[in-house]
Amino acid sequence: MLELTSEFKPSPDQQEAIKGIVKSIKKGNKYQTLLGVTGSGKTFTMANVIKELNIPTLIMSHNKSLCAQLYSEFKGFFSKNHVEYFISYYDYYQPEAYIPRTDVFIEKDSSTNEDLERLRLSATASLLSYEDVVCIASVSANYGLGNPNEYIGMVLIFELGMQISQKELLKKLVDMGYKRNDNFFDRADFRVQGDIIDIYPAYYEDEVVRLEFFGDELDAMYHYNVLENKKGKDLKRFILYPTSQFSVGETRLKQAIKDIKAELNERLAYFEHENKLVEYQRLKQRVEFDLEMLTSTGMCKGVENYARHLTGLKEGDTPYTLFDYFAIKDRKFLVIVDESHVSLPQFRGMFAGDRSRKQTLVDYGFRLPSALDNRPLMFDEFIHKNCQFLFVSATPAPLELELSKENIFHQIMRPTGLLDPLIELKDSDNQVEILFDEAKKVIQRNERVLVTVLTKKLAEELTRYYLELGIKVKYMHSDIDAIERNEIIRGLRSGAFDMLIGINLLREGLDLPEVSLIAIMDADKEGFLRSTTSLIQTMGRAARNVNGKVLLFCKKITKSMQEAMDTTNERRKLQMAYNKKYNITPTSVKRHIEESLKNEEDLGEIYRKGKKLEKMPASERAKLVKELRKQMLEAAKALEFEKAAAIRDEINKLRDL
């Protein structure tokens, strides 16, 4: 049962939209659209729709900042349910590629984020275990995963009193991808101490599952906090999932290896016939090494390129994705596409770019042809999935409107009574000086400023210039990872700095009630960043504050500017009439600032600054131990054993306090 927790009730405008959407979905309509202005409470409307329908829901968005914000909000809305987070676990990713013209092969290079990997595994585990799941996902949901039926077939179910020999249990754990590690115990590891076995599930954060045996009988089972060395909740039954969505059973693995060998022989015969000896040798060496790894360990580097064989699909079949984990046992589910006017075009463009790169790798003997089936969903496959869709946007594109037909529900009024922001045109000749004067007034009121520019260079120079003038300002760019981006937004809201400058990162969905001034530099430069949709979305960031104002710096009024201003002014008239009718006085949105996503790093900073450890609460000390332990393991992996030993000694000191 999905249970919504909120101190607020939907406004009349929201109630009408919720009622219409729920009725449309219950009637069986596949597509519907919520057209809601910025600040009208679209997220709260989405939460109420989910509560009324009471079915598993996938919420997709096009960028990681918005995903992080949605995750925080829905964790609050559905605090008693399973709210999950599924975005790419790469902090950095360079896919393998080959450039024939220069004969340059670019090896795959990446760095993964362990926390994001854990959250992804938690998402699939929850989907296979519970019905009350809300999952926030990026475009990653469209990329290939393992077969959910094979994955669920690999689970290990523990029940008190069950009979299993230690040898058999350890073999099963290894088959599931868990590694024995009695010294540096970490996620996806297990350790053995006599009749006690500790298992650290790959999707857990701080706890392990401790199993106590009497001979071959499972005598006791409970959660155990490895940081605080404390016993947790007793368990009567526990389901353990594998360490990877690509894990497969022994039978399937043997068949996959057989199929890969057959495809390899066929491809080698082709290269030999075409007298392509370099490609022949390259492919033979690569695939035979991967086969050796698969045979001995069940995994290999780039295992996803053999996904077709591991999942048992045929050439050209639709790959398994997160959607298939939702649809397990033919379960009904809802897909909400947030900021659909941007998300859907992004989903549409994914397949072509991926295919072009991989085709070159196949042609030149770096990969087998089956690697082409390790791909994202084609747009038609995505949009025709066996589920129902709700598109959400302040500016839906023609595609959403066409698909939804008459099932379009408007949400123009804001529960707070806030109007669309006032728009002022300013001469772009003196835009830097004018903005400085306007920003000072806003900052004196303890409010914030967002600035959007067209180039990275201008953003950097503007940041440097305003810092010299004494304004606390930061610049947000595309190189910043998801967690750091969230920290910057938290910093702006909390007052750590007063102005944030960006290019295309300050548009859709960011909920920043403290921001009362939006400055759009060079607003008259027609293009993607200054289209009607972009302007309306950017201006909407000021619609959560009663003092909201937008400055458009320009030399002329473009068609896009005029359309954006006309739409905004028309909405202001409707909103003023609504406020008068219901006697509403506009008030700024009040929204608590979410906790940091990287508390562990902050605690590390406290420690390094010499905070007295004996005065630190036990819970904070435990988190600090966790951070130091992570650093110790990283040092050990890098063969920096002296550093690892020094960190170990610090951990022991902390545990002795």
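In case you wondered, yes, glycine gets a Cβ from its N, Cα and C as well.
Remember, it's a predicted structure, so these values are computed and weren't measured experimentally.
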Motif 'Beta-hairpin' according to Swiss-Prot, located in which of 41-64, 89-112, 473-496, 545-568: 89-112
ATP site shell beyond Gly36, Val37, Thr38, Gly39, Ser40, Gly41, Lys42, Thr43, criterion: Cβ within 8 Å of Cβ centroid: Thr45, Ala394, Gln411, Arg414
Collapsed DSSP category at Gly36 (ATP binding site): strand
Other parts of the chain folded back onto the motif 'Beta-hairpin' (89-112), taken as Cβ under 8 Å at six or more residues beyond its ends: 120, 302, 357, 360-361, 364, 366, 481
CB contacts for Ser40 (ATP binding site) [other CB atoms within 10 A, all chains]: 28
Neighbourhood of Lys42 (ATP binding site), C-beta criterion under 8 angstroms, separation at least six: Leu34, Gly36, Asp338, Val392, Ala394, Gln411
Surrounding CB atoms that lie within 10 Å of the CB of Gly39 (ATP binding site), all protein chains: 25
DSSP three-state assignment (helix, strand or coil) for Gly41 (ATP binding site): coil
